[in-house]
Amino acid sequence: MPRACGEGEASVRSVQAPKGHLGSGKALHLMVNDLTPHFEDVQAHYDLSDDFFRLFLDPTQTYSCAHFEREDMTLEEAQIAKIDLALGKLGLQPGMTLLDIGCGWGATMRRAIAQYDVNVVGLTLSKNQAAHVQKSFDEMDTPRDRRVLLAGWEQFNEPVDRIVSIGAFEHFGHDRHADFFARAHKILPPDGVLLLHTITGLTRQQMVDHGLPLTLWLARFLKFIATEIFPGGQPPTIEMVEEQSAKTGFTLTRRQSLQPHYARTLDLWAEALQEHKSEAIAIQSEEVYERYMKYLTGCAKLFRVGYIDVNQFTLAK
């Protein structure tokens with residue numbers, strides 16, 4: 001869901017390259033400082049309380065769009081199906097190393113180890129998530145290497161075989177898209193694959209073209225999400241992902257929308273939170289409970305009407 005740029009942006013300046021070096025007049029971007037991950041923005045939401053999130057998430061604690069392959073699926077089954085859908089697009093082989101950017105509470109990595117016999121590295125900016133993942137890794141009986149780092153992609157430079165990122169790209173900020181794809185391209189091998197699962201939005205003109213009304217409720221709700229739920233939220237458009245990834249050298253081999261699946265996921269989260277209202281208020285407060293109910297039900301409406309979408313982009317190097 002939505003997010004806007006936080007503090008800690010890199011200092012970047014452009015200079016003109018000499019003719020004959022990297023082409024005539026091309027700009028060289030000199031990074032004076034490394035990009036700093038948006039720790040504060042992410043922790044403001046995801047470190048609220050693991051006990052609170054457990055009230056409405058499924059047992060895998062997967063906080064992203066599920067994939068309901070069958071109408072009779074439980075939320076847990078649909079979340080595992082979504083993870084399998086994403087992992088199945090990567091061409092994983094035993095012994096490979098999979099990087100999970102924005103790994104959440106670790107369900108995707110644990111599934112990858114179990115189903116594909118791979119090594120995993122997870123990146124998260126959430127202290128609570130990092131602690132949870134480390135504990136779950138310590139309890140696993142597997143010879144495969146498994147690590148979780150309290151770090152962003154901006155700080156990671158190790159070579160890996162495949163990359164998966166589910167529900168994290170929305171948090172990077174539009175100004176970091178080019179840097180993200182460049183980093184992913186750099187650390188992948190020649191046959192590498194990046195599976196990017198992200199919410200996507202529409203431009204104002206696209207909303208008009210689709211006949212979607214630009215209402216006062218919409219403006220107020222988007223402001224509420226960006227300020228009170230996901231500080232600094234910036235979902236990309238489909239075109240942004242496709243254009244920026246292509247500029248870096250990636251080839252889009254498939255794009256799959258899961259729009260109706262997210263509306264249903266949010267409905268189930270809202271129902272579960274409502275069923276645990278008294279516990280939610282005891283863990284947090286009535287204000288937090290009401291805020292999250294507004295967020296979950298409102299976002300379900302956005303997906304159902306078509307203001308926002310969620311897509312899986314399979315990007316081959």
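Just so you know, glycine gets a Cβ as well, placed from its N, Cα and C.
What TrEMBL says about a protein is an automatic prediction, not a curated fact.
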Revision key, fill the gap. TrEMBL record, region 'Disordered', of the ranges 1-20, 61-80, 141-160 the matching one is 1-20
Practice item. Give the sequence-ordered list of residues that share a chain with Y63 (S-adenosyl-L-methionine binding site), lie 6 or more positions from it, and have CB atoms under 8 Å from its CB. Key: Y46, F53, L57, G104, W105, G167
Review point. How big is the Cα-to-Cα gap, in Å, between L99 (S-adenosyl-L-methionine binding site) and C299 (active site)?
Key: 29
Review point. Going by DSSP, is Y63 (S-adenosyl-L-methionine binding site) part of a helix, a strand, or coil?
Key: coil
Check your understanding: Among the recorded positions L99, L125, C299, which residue has its Cβ surrounded by the fewest other Cβ atoms within 10 Å?
Key -> L125
**Study point:** E154 (S-adenosyl-L-methionine binding site) CB neighbourhood, other CB atoms within 10 A
**Key:** 19
